[in-house]
Amino acid sequence: MLYFDHCASTPPYEEAVQTMAEVMRAHYANPSSLHAAGTDADKLIERSRALVASQLQTRGGTWLFTGGGTESNNLAIQGAARQYAGRGKHLITTMIEHPSVFETFGRLEREGFRVTYLPASESGHVRPEQVEEALTGDTVLVSVMHVNNEIGTVQPIERIGSLLKRHPKVLFHVDAVQSVGKLPVRIEEWGIDLLSASAHKLRGPKGVGLLYVRDGVTLQPLLAGGAQESGYRPGTPNVPGIVAAAKALRMSTETMEERGRRMAGLKARLLRLLGVIPELRVNGGEPSADHIVHFSYPGMKPEVIVHMLEQHGIMASTKSACSSKDAKPSRVLLALGASLENAAGGIRISFGDEHRERDVDRLGEALRSIVEQLKPLERRLT
Amino acid sequence: MQYEQIVLRYGDLTMKGRNRNRFEKRMIDQVRRALAGFDGISYFKAYGRLYVKLNGQPYEPVADRLKDLFGITSLSPVISSEADLAKIQAAALELMRAIPVQPATFKVSAKRAWKGYPHTSQEMNHLVGGHVLRGLPGLKVDVRNPEVELRVDIQEEAVYLFHEVIPAAGGFPYGSNGKALLLLSGGIDSPVAGWMALRKGLELEAVHFHSYPFTSEQAKEKVVELAKRLSYFSGEPIKLHLVPFTDIQTRLAQSNNDNLIITLMRRAMLRITEELAARSGAGGIVTGESLGQVASQTLPSMNVIGRSAELPLLKPLIMMDKQEIIDIAMRIGTYDTSILPYEDCCTLFLPKSPTTNPNLKIVEKVESLIPDYEALLAAAADGTEAVMLSPDTATAAQAAGEDSWF
């Protein structure tokens, strides 16, 4: 099998699997218990937290462990919006966010918040000036993703952060689920107040999310319960998952440069191969992340291509895994001004550490033969 | 601006008489140790000052570390120039231009320490000032109240230029005033008392009384963290004595003198500490007491408690308000640790109405009636464990689990 769906989830590091099993076996006590077995488990969480802070180079602030990227995004956005609702009820985000951000804003809108959704350019980018123009005296939160989960474009987080420094009452949340461990994220330097990440996107276990909360920022918890995770996230912490997540994060960040170079080579190679198949159109412009390539076959249902790739032993995605069962055209592609048929036909290829050039060549060859096969059926299958 | 060196000033106090050489040597040793983590830094002495040559190291982190060392009154980032007028003038202009918010007024204060240099201090003020004025139109000279004072220090080996004078922690270098034991409880006050004692040049060892299982392991870890923080300021590892206090405390709790129990406990602590002081050659005991703060810190209480020890009791916080103490605790970075909610032995068995005015005769009588009291005190001193701590000693959390898991 050739697995090209690393944006959806990644094969965990063997070391992370091992760590998870060992910790699960040895430290089953509840980390909130007073006895030594409990405090030992609690120390593992604190050591993991310190490791996360050092790997992501934050000196202040708090790292919270949540149940995943979706929970981190929900907690950051709902938690901040509700906490600071007295200050203002206007929020800003973009049209190309992941559903866990986009739908969260939808929910807040129904609760009475006003939300500005910034459109992206044809290349798949939001401009910092758009953020500045959308700011009102009532704005309390801006949420912009770092790497788009569907087409891989990199948003100008550093520049948005620096313009928001002049608006100290506006909080800046970044959904960095697709970028942490893959490209540099300078949380404090860029003026980020809240940042979400997810362990299973960087070869850690599922069920562990990270949320950075800058000093001085308070969130309203989503759940009622105990005082775990500084009171922000009631519930017994997932000790083995958290330790394995911290380990996976360390392994990812330590090898980030070298892996990045390899991904860039693979991406360039795939783009060359796609370039000679005129039916396929690559979506999104630069800057973009090197581990994601997104293209459309206008006039062709994307599921057909996914299933035909499957016959070649190749796993790829249509759009965000969180919305791929939904047959509607991609909201993200539509936001870039794509035509309906183009928006319906997106295929996402995302690379991982196991891929070599020959794997990309196999993918290119499979696509060439699929297109050849489908060509006579164009438009009849949409 | 790439600074070449940092000049450290010691202040007058340490510079008097025959002690000067000793102080200077201690100072250099202390600076060297504190900066051991920075590669390539070199040092040289001048009268009343120490120069730290950065040799390419960035200025800020080095200065941040030095600001917390005791015995230094102020420091300045410095650039140097050859003793050549044109070069001095160019360096002065460059330094002035690098000031982030350009001042409206300035003056030059030149000092010709090396009399071989052809221009006098007075002449240099004009020569350098004139050059800067020509380079920065809009800037004016104000000799009385300048926003920036540009100093030009002409020494034989080089000419040093600087304008910033950053206040440092002051006090005396570590260990220049003898050795004392610090009673370290884990609360807000005692770490601040320790910091102030270190600032006065005392070499410190910390003493902590624990009453496991009445107190938790976390209470002890909290004290370990506080001791580590103190050792950051001294730049030296600190010894922490952990005294087993459970037996004494439970015995005192059973003596049916509830309102005296705090007095009795504090006296026991002082007696054990005095024994530890004798063993480690310490000449005093530092406590975080502040007059009137709690029942054991009234004047009559301190009188009765203090009589159990003969060594001088040093109480740096004695006349301070709680808020002043908290402000220092926050500044020195001990506050957040101190307020962690783990009970220490001082809050155990706390009676409803502890006496604020104990009677010495009664207290001594009660002590004499406790069976084997002397032996209990000796056993506590004998059972004391000591650990050496420095800022990079792993915390309990840092050492958690297997290294291979992280």
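Backbone N, Cα and C define each Cβ position, glycine as well.
TrEMBL does not curate its annotations; it predicts them automatically.
As given in TrEMBL:
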DOMAIN    B:60-165  domain 'THUMP'
BINDING   B:L183, B:L184, B:H208, B:F209, B:R266, B:G288, B:Q297  ATP binding site
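All features noted in TrEMBL, drawn onto the structure.
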{"residue": "B:L183", "record": "ATP binding site", "DSSP (3 states)": "strand"}
{"residue": "B:H208", "record": "ATP binding site", "DSSP (3 states)": "strand"}
{"residue": "B:R266", "record": "ATP binding site", "DSSP (3 states)": "helix"}
{"residue": "B:G288", "record": "ATP binding site", "DSSP (3 states)": "coil"}
{"residue": "B:Q297", "record": "ATP binding site", "DSSP (3 states)": "helix"}
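Of all the binding-site residues listed (B:H208, B:R266), B:H208 sits in the most crowded Cβ setting, with the most other Cβ atoms within 10 Å. Farthest C-alpha pair in the ATP-binding residues B:L183, B:L184, B:H208, B:F209, B:R266, B:G288, B:Q297: 19 Å apart. Around B:L184 (ATP binding site), a 10 Å sphere centred on its CB holds 28 further CB atoms from the protein chains shown. Secondary structure of the domain 'THUMP' (B:60-165) per DSSP, as helix, strand and coil residue counts: 36 helix, 31 strand, 39 coil.
B:G288 (ATP binding site): 25 other CB atoms within 10 A of its CB, across all protein chains. Residues within less than 8 Å, Cβ to Cβ, of B:L183 (ATP binding site) and separated from it by at least 6 positions along the same chain comprise B:S190, B:A206, B:V207, B:H208, B:M269, B:T273, B:I285, B:V286, B:T287, B:G288.
Per-residue confidence over the domain 'THUMP' (B:60-165) averages 93 (mean pLDDT, predicted model).
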